[in-house]
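Database features, via Swiss-Prot:
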- H229, D277, L278, N325: S-adenosyl-L-methionine binding site (BINDING)
Amino acid sequence: MLDPVEASSVPVVDDSTIRSLSDFPDRNVFRREDRYPALNIPVRRTAELRKTLKHVLWRRPKTKNVYDDETDPQRRILVLANIDEDAFRDETVQRLIQHEDCRKASYTVTTAYENYTVEEILKQLLPNESEIPSAFEMVGHLAHVNLRSSQLPFKYWIGKVMLDKNQPRIRTVVNKLGTIETEYRTFGMEVIAGYQGENWSVVTVKEERCTFRLDFTKVYWNSRLAGEHRRLVQQILKESQTKPLVVADLMAGVGPFAVPLTASHGRRNQVTVYANDLNPESYKYLLQNVQSNKCTNIHCYNQCGRAMVHQLQAENIEVDHVIMNLPASAPEFLDAFRGYEGVKRPCIHVHCFAPKASEATDYQDALDRCSSALGCTLDRISNDVHVHVVRDVSPNKNMLSVSFLLPVETQSLVKMKLQPLRTETSEPGAKRIKSN
């Protein structure tokens with residue numbers, strides 16, 4: 001089992017404190033009327049003046065700032081922002097009032113539940129000391145939040161508001177339970193709003209002109225890694241324009257690297273990918289995504305990443321790039337390259353977590369982990385080492401990408417012996433599928 005990659009434990013809350021949906025306030029509670037400064041303008045000048053006065057116009061989502069003048073069909077009311085300084089002191093507004101056919105006015109605007117943002121509604125619902133959950137991850141039709149202990153009594157209210165404000169884009173809101181500490185990097189979750197019927201957790205995600213189908217409760221997917229997926233895919237595709245390339249994706253998941261590298265997008269494909277994942281569910285969806293995106297030159301496996309490295313060598317498959325996207329423990333898998341028998345020195349791309357200290361310290365910590373697993377020093381110059389921050393994971397942790405050429409010294413090391421792996425699949429040995 002992998003080490004936990006999150007610091008927090010499962011928040012505990014007394015069930016008796018949890019607010020039910022039946023206790024959610026009536027929407028009329030949020031209804032309010034406010035008087036705003038306004039300009040009474042000719043109908044024919046509406047578009048012109050909205051553009052001229054955009055810096056002082058009143059704005060709110062799903063709410064108009066132009067209304068008909070009920071006393072004169074040839075005129076309209078243009079609502080101005082209720083700012084600290086009188087909106088009528090604005091130079092442009094003064095000029096329009098003094099020299100053109102515009103008049104001072106005021107207008108009562110009704111703001112209802114539908115007009116407020118998620119944050120505005122939750123500020124009215126949650127206690128002052130409770131932090132407002134303002135961010136969430138989208139995975140297909142799912143919204144994924146990670147609520148703190150102080151927010152848990154209001155989890156169903158929070159889910160309802162998020163759902164109300166984001167339909168139909170969001171169909172289900174889930175809250176993460178505990179840490180990511182399973183072998184397959186999945187985590188427990190609970191539905192706090194929306195659809196939870198059959199296949200509620202099976203989603204479709206679009207990325208890099210490809211469509212991915214996956215069960216969010218059974219496989220790992222992080223939408224915040226889209227930029228890193230794009231960066232590495234584009235780097236390899238650009239290199240493949242001048243020569244054919246072979247890529248080994250050792251922890252391929254449902255295919256965020258492997259699928260766009262081999263998908264048919266009207267281009268000549270010069271990339272062959274050997275995609276592997278230990279999770280049988282990831283393997284299942286990888287096969288589906290390979291088929292639905294019409295991928296070519298891809299071989300799919302369901303086995304341990306270390307075994308995959310040894311199998312490629314046993315089959316005399318020369319690899320140009322190796323992708324190891326398992327941040328919690330990918331550097332430790334580099335021990336599989338001891339005694340490497342290939343002629344080429346592949347470029348290896350390892351993703352890992354590192355504590356935040358200083359850039360130099362973080363980078364060196366990642367390099368030390370890689371060197372320790374490889375069994376030799378990873379020299380920055382001779383191994384063409386490149387390190388960069390992929391994303392800010394938490395206040396104390398970054399995710400890094402470490403790319404380097406496999407050191408020649410690994411060839412003289414003793415090849416490690418692999419222990420038989422007990423997986424959740426009942427099928428003996430590795431499963432392999434080829435797509436031409």
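Even glycines carry a Cβ here, placed using N, Cα and C.
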Cβ-Cβ neighbours of D277 (S-adenosyl-L-methionine binding site) (radius 10 Å): 30
Spatial neighbours of H229 (S-adenosyl-L-methionine binding site) that are distant in sequence (at least 6 apart) but have CB under 8 A: E207, E208, P256, F257, P260
For N325 (S-adenosyl-L-methionine binding site), nearby residues of its own chain (Cβ under 8 Å, 6 or more apart in sequence): D249, M251, A252, G253, P256, F257, H349, H351
Where the record names H229, D277, L278, N325 as binding S-adenosyl-L-methionine, the maximum Cα to Cα distance in Å: 20
Protein Cβ atoms within 10 Å of L278 (S-adenosyl-L-methionine binding site), excluding its own: 24
Where L278 (S-adenosyl-L-methionine binding site) falls in three-state DSSP terms: coil
